[in-house]
Amino acid sequence: MAELTALHTLTAQMKREGIRRLLVLSGEEGWCFEHTLKLRDALPGDWLWISPRPDAENHCSPSALQTLLGREFRHAVFDARHGFDAAAFAALSGTLKAGSWLVLLLPVWEEWENQPDADSLRWSDCPDPIATPHFVQHLKRVLTADNEAILWRQNQPFSLAHFTPRTDWYPATGAPQPEQQQLLKQLMTMPPGVAAVTAARGRGKSALAGQLISRIAGRAIVTAPAKASTDVLAQFAGEKFRFIAPDALLASDEQADWLVVDEAAAIPAPLLHQLVSRFPRTLLTTTVQGYEGTGRGFLLKFCARFPHLHRFELQQPIRWAQGCPLEKMVSEALVFDDENFTHTPQGNIVISAFEQTLWQSDPETPLKVYQLLSGAHYRTSPLDLRRMMDAPGQHFLQAAGENEIAGALWLVDEGGLSQQLSQAVWAGFRRPRGNLVAQSLAAHGNNPLAATLRGRRVSRIAVHPARQREGTGRQLIAGALQYTQDLDYLSVSFGYTGELWRFWQRCGFVLVRMGNHREASSGCYTAMALLPMSDAGKQLAEREHYRLRRDAQALAQWNGETLPVDPLNDAVLSDDDWLELAGFAFAHRPLLTSLGCLLRLLQTSELALPALRGRLQKNASDAQLCTTLKLSGRKMLLVRQREEAAQALFALNDVRTERLRDRITQWQLFH
């Protein structure tokens, strides 16, 4: 075939130029498969085949692609005929060598947007796959506008465009690139302080950090959220590589001349500050926006925490040439270029709402909103883009200046569960998909019917740094109330800090829950708050806030932090306590969810209850209790703790306990 000969010639040219390209095959399954095999036979290479079905040799499922990151391949096939795993697509593109093709298999072009996408099961919170017309139309626009991509459609004439030759490219030899060499020189002579290196993926920041460690005269310690992500760094650091996990490093008295923190923006800020203060020199590296990179706006705020920071950026790719067509196309398709916050939105702010249909009529507006929201966030995944475009129940507000988006709010519908399902969630018998706050209100709260109420959760909110402290965030929340009808509440879940809580409090929210362990992403306890919109919403917020006040002393003692509520010193078991204790004793409610009422039970009961008292009053570890009580593990310890709670309840009032047990055990019969 003449087209295969032309592709063979073009592939050789691409290898000389150090670039990769996308080739789309769109058509019926048989046609796509036949033409892919012809390409594979004509162009020598690895031909890694990413598909949910094992259609060919060298197959890998999208979910297993993570295991191949760090390896390199020549040519690959990405089968998106039944579902488009955007994160896997982005990750695959990063594994391809210079001179490679990424062959993208798509359904018949005209039928694509109406076809259910199997990948939607991961992000839509729907029981069945849904069609994703807005993402498909966006991708079609990108593909048809990209002069460097090749689109080969069934029953359409195929023509290979002439590509203007580029300058020859010379692959890296392992020695530092000129950009790295210059940066290394500056780091080697840096006075005591903190340096930050940011870069997109594939720019060699891990190699740079490893080369620094190998060259310094003194000792360095490496830390990171996950040791697996430091493999490249370790390779370049050689025998001087020494890794210690962040929490273990903080607990130790280790000293070194340099601390190197890989993917520093993913480490909770309070923990990072404590670590940095211990070492004379620190190098922080972070991936900027891209495949699960960090938003540039978040980085501005992050870097501002370190006065006199030396900030550097690597821009030159290492494994392919600058301006690689595949990298450019993937970035445009998955909107990896977030808001860079270089332009200040001017003029008065106007709040307006929009829905997902705007992706069809005016795609630039939701695109800018997404870029602002992802730019302000510490991490954005391609799943977020897919959810914003096509998941049901998504709503948006923008705060527009004269020429730029100054702020944005993303809301998600929640709640409205049936009475039976809400009760089953409260008891711990069921955990349906989605409904983050609505389910938590039931699963961790007092009211078994909490999830029947209908709310709208704040998923993300952002204001341009140059327009902050003008009340724009509060205007967005007020706008959400104005544009929202027939709901019981707005809700928000966030990593608790005093500054964040003051913002939500000024917006009118009521604190209803505080978690009992720190989140890995923020280093903070999770807080949940409600802004009531109906009488039922107001009653729920008041009831849960009252429970939080009763539990405040117990939570403060457990967490080691005072709660921002007025605590109630009330040791008497209430009706709500009895119900919740029965939920722990006879259903599957978690131990720490019931911390407050269990401590009140222990104060009331005269029984020994060693498993409960040991954990909650004496703060013994699970391992210690299992040894003392001769139990085989945590599961058996929890069974014993539930049995002890039941014994204590029966001893206080056997009739009431039996009635509650019978009532709650009925809730697991829900189908």
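Each residue, glycine too, has its Cβ placed from N, Cα and C.
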In Swiss-Prot, the residues Gly202, Arg203, Gly204, Lys205, Ser206, Ala207, Leu208, Ala209, Gly210, Gln211, Arg319 are said to bind ATP. Which of Gln180, Gln181, Gln346 is said to bind at that same site? Gln180
Tell me, which recorded positions from Val463, Glu499, Arg502 are within 10 Å of Gln211 (ATP binding site) if we use the C-alpha atoms? none
Top of the binding-site residues Arg203, Lys205 by count of other CB atoms within 10 A is Lys205
Enumerate same-chain residues with a sequence separation of six or more from Gly471 (acetyl-CoA binding site) and a Cβ-Cβ distance below 8 A; give 'none' if the list is empty. none
List the Cα distance (Å, whole number) between Arg203 (ATP binding site) and Val463 (acetyl-CoA binding site). 30
Within 10 Å of its Cβ, which one of these recorded positions (Arg469, Arg502) has the largest number of other Cβ atoms? Arg502
Nearest to Gly473 (acetyl-CoA binding site) by C-alpha distance, among the recorded positions Gln180, Ala209, Arg502, is Arg502
I need the CA-to-CA distance for Arg502 (site 'Important for lysine 2-hydroxyisobutyryltransferase activity') versus Gln180 (ATP binding site), whole Å please. 43
Of all the binding-site residues given, Ala209, Glu499, which has the fewest Cβ neighbours within 10 Å once its own Cβ is left out? Glu499
